[in-house]
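Okay, structure first, notes after.
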């Protein structure tokens with residue numbers, strides 16, 4: 001159609017997805033892959049919380065039909081307690097891979113970085129919007145924080161506050177799963193030390209502390225009709241009931257779920 005940019009001119013979307021072994025893992029990844037497959041110029045960085053790549057995820061990646069980089073890094077056992085942030089090491093591994101891939105290429109390098117958790121549902125409209133990010137974009141998220149939605153509050157095109165169920169006084173009152181926002185690739189490359197920190201971050205402040213390393217609230221770019229439309233939902237799959245699963249494998253075939 002007239003006015004549509006040729007695909008080669010589109011900035012690449014790099015989607016970093018931490019994932020870990022659980023009964024619904026393959027189902028969640030399948031849903032995400034079905035969305036990503038419809039997005040032009042998307043590179044998926046899938047990072048397993050594991051000491052080695054699992055056969056399940058390796059097979060999945062091989063058949064996903066997507067440009068995909070499959071990484072793995074285990075979360076140290078001491079950080080696997082309830083209440084501690086998850087996926088820190090995996091997000092940082094994705095950032096390290098991106099920086100290493102681009103370190104010898106001259107700027108500007110068109111692209112955007114998106115933290116896409118595997119328990120979310122994304123509208124295709126969101127991907128169209130995020131490609132125009134100049135520094136860091138933000139938008140509302142549905143079904144999160146004990147509310148129907150949370151969102152940045154926008155006045156005159158600028159973020160001035162947060163509609164959130166928990167600590168709206170945070171500098172960036174943004175949900176930890178990184179679902180709120182996307183960063184221009186050049187911003188990430190020009191701040192090589194910006195990572196998600198285990199030490200020095202208060203509970204629930206890790207995302208805010210990461211953003212403080214690369215931008216200010218005044219610079220945030222509101223998307224989704226000035227943050228009035230929900231284009232991503234933290235749907236989460238229901239915890240699976242496996243009460244009738246036999247203790248030992250009784251079926252004559254071994255089926256991957």
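Every residue, even glycine, has its Cβ placed from backbone N, Cα and C.
According to TrEMBL:
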{"type": "BINDING", "residues": "18, 19, 20, 49, 86, 91, 117, 118, 119, 234, 235, 236", "note": "UDP-alpha-D-glucuronate binding site"}
{"type": "BINDING", "residues": "119", "note": "Mn(2+) binding site"}
{"type": "SITE", "residues": "150", "note": "site 'Interaction with galactose moiety of substrate glycoprotein'"}
{"type": "ACT_SITE", "residues": "207", "note": "active site, proton donor/acceptor"}
{"type": "CARBOHYD", "residues": "226", "note": "N-linked glycosylation site"}
{"type": "SITE", "residues": "244", "note": "site 'Interaction with galactose moiety of substrate glycoprotein'"}
Among the recorded positions listed as 119, 207, 244, the Cα nearest the Cα of the residue listed as 'N-linked glycosylation site' belongs to 207
Do me a favour and check the Cα-Cα span between residue 119 (UDP-alpha-D-glucuronate binding site) and residue 244 (site 'Interaction with galactose moiety of substrate glycoprotein'); whole Å is fine. 25
Alpha-carbon spacing, residue 235 (UDP-alpha-D-glucuronate binding site) to residue 150 (site 'Interaction with galactose moiety of substrate glycoprotein'), which is rounded to whole Å: 14
Residue 226 (N-linked glycosylation site), Cβ-centred 10 Å count of other Cβ atoms over all protein chains shown, is 17
Measure from the CA atom of residue 150 (site 'Interaction with galactose moiety of substrate glycoprotein') to the CA atom of residue 117 (UDP-alpha-D-glucuronate binding site) and give the result in Å, rounded to a whole number. 17
Of all the Cα pairs drawn from 18, 19, 20, 49, 86, 91, 117, 118, 119, 234, 235, 236, the residues the record ties to UDP-alpha-D-glucuronate, which distance is largest, in Å? 21
Residue 150 (site 'Interaction with galactose moiety of substrate glycoprotein') and residue 18 (UDP-alpha-D-glucuronate binding site), compared by Cα position, are separated in whole Å by 22
Residue 86 (UDP-alpha-D-glucuronate binding site) to residue 244 (site 'Interaction with galactose moiety of substrate glycoprotein') - Cα separation in whole Å: 30
Candidate with the highest Cβ count within 10 Å, taken from the recorded positions 117, 119, 150: 150
When the Cα of residue 244 (site 'Interaction with galactose moiety of substrate glycoprotein') is compared with the Cα of each of the recorded positions 18, 20, 207, which one is closest? 20
Distance between residue 18 (UDP-alpha-D-glucuronate binding site) and the residue listed as 'active site, proton donor/acceptor' at the Cα atoms, whole Å? 15
